[in-house]
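Visitor: Quick one: the structure is below, questions incoming.
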């Protein structure tokens with residue numbers, strides 16, 4: 001309660017005992033900073049226009065007071081506030097306006113607030129700490145302790161500011177006396193002319209470059225972590241520092257304080273997780289960036305995840321955006337350490353040139369390589385990569401290899417400072433021990449087996465990113481050295497492309513071999529997987545005028561005798577062409593009577609594509625793998641007769657070869673790139689299909705469901721009831737009423753768009769525009785973080801699926817969330833045992849991330865359908881990675897690691913159940929944020945606010961998501977494939993002519 005006392009002189013008073021007032025800043029500030037005011041000083045709280053409004057604490061100068069300044073007079077135990085405002089915007093105490101030029105005495109608990117440009121700023125008087133009045137040694141000790149704390153905080157504040165403002169922070173730190181060449185306050189005196197406002201931070205934070213931390217995204221001060229306190233000229237700062245240092249003890253005490261500050265800044269302790277839950281990153285000002293205790297429940301930092309860096313052997317990182325210099329400096333990465341960073345670059349990722357797949361831009365870090373994974377041409381606009389398309393390299397993965405263990409980190413944070421310091425992100429990690437011997441079989445395990453498929457999923461995802469960078473293929477070998485059986489979750493990966501479901505296992509009779517064709521029956525236990533490819537050169541062979549007729553008749557005869565299996569395919573013969581100069585890896589595709597096979601009694605269709613043959617041949621020649629092939633015979637005939645000009649599909653089946661058991665003994669560096677290509681090419685379930693593969697092993701009881709929620713920072717443009725139903729169905733959602741319906745119904749037991757329209761299955765969490773306006777960093781940072789198109793909101797607003805994303809725990813309110821978290825929860829009975837599953841990772845809620853089921857052709861071509869029956873396809877635009885943690889129903893644990901999972905132990909980063917949008921609520925769509933920014937521009941008078949759409953570095957470009965029809969997926973031979981096949985045909989024909997002669 002503030003009561004106006006009698007008029008007081010407007011100058012400092014020295015009556016009363018020395019003490020400190022604790023003022024807690026409130027409003028749009030990055031952290032609830034604590035200001036310490038000495039009880040014998042006069043201060044002013046001044047609005048700063050640099051990078052947005054905020055309050056600065058200055059030592060007041062009577063001759064330079066500004067109209068908008070708040071004057072704080074301290075005298076003994078009294079704190080008085082005076083202002084000179086007139087009209088709107090006058091400060092208030094606990095909601096009661098204050099009269100201009102009339103001092104008001106403040107009491108502990110009073111809240112002072114002032115409205116500036118649409119935002120409310122102010123402070124709360126937390127307490128008064130007296131340093132005198134007790135007498136004797138106790139009083140002196142109290143004063144010494146408090147003033148020592150203030151002095152150390154002030155010294156550290158100035159040091160942080162010096163670091164952030166230096167042109168070369170690394171050189172500054174090397175030359176700093178705090179590194180051991182002098183006292184801890186070295187470098188402070190050169191800043192003394194800036195004044196000596198007094199500040200106490202709750203947490204001593206890591207010195208982050210202001211350029212790296214907030215380039216243009218936040219209305220906070222550029223000095224951010226310090227709440228930049230500018231001192232006034234005319235005050236003797238040296239005298240102030242001397243007064244503050246009385247009773248601080250000897251210099252060694254200050255050295256100790258500096259040392260502890262640095263230890264806190266560099267996070268010298270590691271952290272542990274058994275993989276049964278995920279954690280959140282530490283945020284500036286919320287208590288763990290300066291805490292050297294590694295307690296993940298308080299938040300985890302990037303340096304803690306990497307600690308100790310001295311024991312790292314190599315590092316692999318996948319990210320969307322990156323700030324490599326910041327990462328190297330912040331985590332103290334040794335210059336010799338091999339580091340691979342796979343990241344997004346639109347031009348490079350769409351380029352067909354192998355030279356654009358990588359770069360090494362840091363001379364001092366010769367073993368650091370940037371990799372740019374390629375986007376497939378089949379998802380480009382018009383299937384022309386020059387036109388590019390909708391695609392994004394969006395995963396957030398860190399793999400840390402040590403001699404005795406490998407740590408896998410799956411997070412939602414990109415490799416940039418603000419996402420680790422200012423924005424809430426999820427972090428899951430687990431350490432895996434080294435095996436006594438290398439196990440390559442673990443790289444090919446399936447999810448339906450008793451063993452975990454974590455290694456197979458991890459190596460497949462990494463292989464898809466480094467497939468075209470042979471120097472990085474060694475990661476395949478390194479992963480095989482570690483045991484992932486105890487993995488706490490299932491990896492969920494998305495890889496861009498148009499994917500077909502894996503064909504069923506087919507028994508084959510012939511295998512490719514370097515010397516001769518092997519005739520032997522395959523065994524399912526040896527089966528590794530399948531690869532979908534094509535036959536090239538067929539049109540050239542059967543369009544030659546000289547012998548086209550005889551070749552077509554022979555082909556028709558052989559294909560007519562071939563036995564088609566139940567899937568409409570027939571086996572072909574694969575033959576190595578080791579004597580062709582154009583390509584030593586060439587592989588021919590032959591059609592023959594398999595009951596009476598002879599090379600003379602066969603017809604050659606064509607060849608494997610060069611890009612496939614280059615890894616099939618060496619892996620077959622080494623005996624590590626066997627390869628057999630299947631085609632659709634009618635598709636081959638139509639292509640030969642010129643009915644269609646599309647590629648002839650070839651299903652390549654892969655099984656363990658005779659030397660597979662000895663692969664760890666025989667493998668050499670030359671085998672690693674082909675092995676990497678094989679692993680990247682093997683068909684696996686991705687996106688929605690992977691989600692279904694993992695969750696379909698458990699029958700989830702629909703009637704016991706309590707929550708089904710999904711929180712994402714981006715919601716796709718093409719979200720509709722069909723996609724939501726596809727996601728819900730993949731997650732195991734089933735309609736209640738279908739349990740008793742007829743199984744002959746093709747949609748029996750499936751959750752469809754019809755059910756979705758009747759009763760939405762999922763609660764989508766997305767922050768309202770009001771929540772964003774009240775956030776710590778305001779609109780600007782969220783414009784580069786959140787993405788929800790207005791048309792998507794208008795299309796779905798009537799469904800009632802939108803809910804507000806309220807951060808949790810409470811201390812994170814006001815900080816933006818970049819999490820992608822889904823959870824489906826069940827309860828056996830009210831208040832009883834809970835179970836279910838939880839997802840966290842990089843997948844936003846969009847078809848670009850999870851995949852869009854392709855619709856059939858609007859006017860199906862009967863010839864195409866007859867020739868090669870096509871099953872469902874999944875169109876995925878992005879590279880993504882996440883982890884699913886399963887808490888199974890009682891007695892339903894599939895793996896031993898699942899038995900330790902309890903869904904109650906997983907703390908979600910938002911309030912559950914989430915509050916449903918009220919009728920007046922509006923999400924923070926791009927349009928809503930532009931309008932809010934424009935409103936702020938008006939409130940800020942003539943200050944300019946950028947209202948253009950930012951080039952976003954946190955949100956993948958998914959605005960051009962389109963419905964893709966199945967007919968768009970047909971492929972024609974590329975010109976380079978035709979040239980390759982024609983060259984091989986010429987040399988094969990020449991070789992055969994010489995043999996006859």
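Just so it is clear, glycine is given a Cβ too, placed from its N, Cα and C backbone atoms.
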Visitor: State the residue range annotated as region 'Disordered' by TrEMBL; the candidates are 902-939, 940-977.
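Guide: Feature region 'Disordered' in TrEMBL: residues 940-977.
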Visitor: Name the residue among the recorded positions 818, 820 whose Cβ has the smallest number of other Cβ atoms within 10 Å.
Guide: 820
Visitor: Measuring Cα to Cα, how many Å separate residue 818 (active site, proton donor/acceptor) from residue 396 (substrate binding site)?
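Guide: For residue 818 (active site, proton donor/acceptor) versus residue 396 (substrate binding site), the Cα atoms are 12 Å apart.
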Visitor: Quick check for the class: what is the C-alpha distance, in angstrom and rounded, between residue 394 (active site, nucleophile) and residue 846 (site 'Interaction with DNA')?
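Guide: With the alpha carbons as reference points, the distance is 13 Å.
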Visitor: Across all protein chains in the structure, which of the recorded positions 394, 396 has the highest Cβ count within 10 Å?
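Guide: Highest number of other Cβ atoms within 10 Å: 394.
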Visitor: Could you tally the C-beta atoms, other than its own, that fall within 10 angstroms of the C-beta of residue 846 (site 'Interaction with DNA')?
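Guide: Within a 10 Å radius of the Cβ of residue 846 (site 'Interaction with DNA') lie 25 other Cβ atoms.
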